[in-house]
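Everything below concerns the one structure shown next.
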Amino acid sequence: MPELPEVETVRRGLEQKLNNFIIKKVEVCRDSTVAFPNKKEDFIGGLNNSLLYKWNRRGKYLIAELKKLGNENGRFPLEKFSKNNGFLIVHLRMTGYFKFINNSAQPCKHTRIRVFDNKNNELRYIDVRSFGQMWWIKEGLSPNKIIKGLGSLGPEPFSKDFDEIYLKKVISKRTKSIKAILLDQTIVAGIGNIYADESLYSAGISPFREARTIKKNELIKLKESIVTVLKNSIGSGGTTFSDFRDLEGENGNFGLQTNVYRRTGKECRKCGNLIERKKISGRSTHWCPKCQK
């Protein structure tokens with residue numbers, strides 16, 4: 001599943017590529033991709049003649065601010081001659097990704113949503129396993145109330161609210177493993193299997209440790225490791241092990257730099273011990289038994 005760095009890579013690509021992209025036509029190729037409104041016709045009607053004004057990210061959610069253009073559309077700056085039109089929100093889930101296509105051509109087999117501008121450029125959403133979802137939340141409605149997962153997210157790893165004091169507070173009585181805690185989106189937003197493993201390795205903490213046993217100095221190191229690992233991955237365009245692509249169809253390169261993730265049986269880059277793998281809460285976990293205590 002795309003995690004924070006992959007979603008942030010997509011967000012940056014969308015923001016750069018879709019400058020002044022005005023939606024003139026929407027085609028829903030798979031109804032189940034539209035999570036809200038209940039009728040796809042309302043989803044299509046809500047997006048038509050909207051400016052994709054600004055792209056944000058919250059955890060693993062992409063959030064586009066929309067502007068509805070009036071009679072003066074075509075005048076610049078467009079946002080001055082328009083009114084707010086709510087949000088287009090996307091969760092890529094397991095295999096979803098966007099592709100920008102100049103002079104739109106026939107859709108591929110797994111195309112789920114097609115969005116066109118008046119120049120026949122297309123923003124195409126492709127999803128092999130079809131778990132990804134989109135919401136059009138009209139102006140006046142609360143995205144956090146409509147999308148349960150969005151409203152329950154914990155702080156962003158880069159925010160000032162995510163520090164060792166916060167971590168100590170949320171784990172002080174937790175008997176769960178620290179790996180399970182990091183995967184809990186209500187505790188910290190955006191971290192998944194790859195970056196939990198890599199951050200714990202960088203911090204020298206065993207993924208099997210009970211969260212409540214981790215000391216303050218270890219929490220400081222863990223927080224710093226999380227931020228560093230995520231920033232490094234964003235700088236590399238995220239990680240591609242299966243379906244993730246950026247807007248240009250390119251793979252992320254961080255997978256070439258991982259220290260433990262998917263390196264089972266290979267030598268630890270620090271100590272030479274072999275990397276091991278075991279499941280925690282149904283998720284494959286990779287670690288170095290010598291470097292992580």
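Glycine is treated like the rest: Cβ placed from N, Cα and C.
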Quick test of your reading of Swiss-Prot: among 49-83, 259-293, where does it put zinc finger? 259-293
Chain residues outside the zinc finger (259-293) and at least six past its termini with a C-beta under 8 angstroms from it: 177, 179-180, 183, 193-194, 197-198, 200-202, 204-208, 241
Here's one to test understanding: among the active-site residues Pro2, Glu3, Lys60, whose C-alpha is closest in space to the C-alpha of Arg129 (DNA binding site)? Pro2
The zinc finger (259-293): mean pLDDT? 96
The record lists His110, Arg129, Arg174 as binding DNA. What's the largest Cα to Cα distance among them, in Å, rounded to a whole number? 42
One should report the C-alpha separation between His110 (DNA binding site) and Lys60 (active site, proton donor), rounded to whole angstrom, as 21
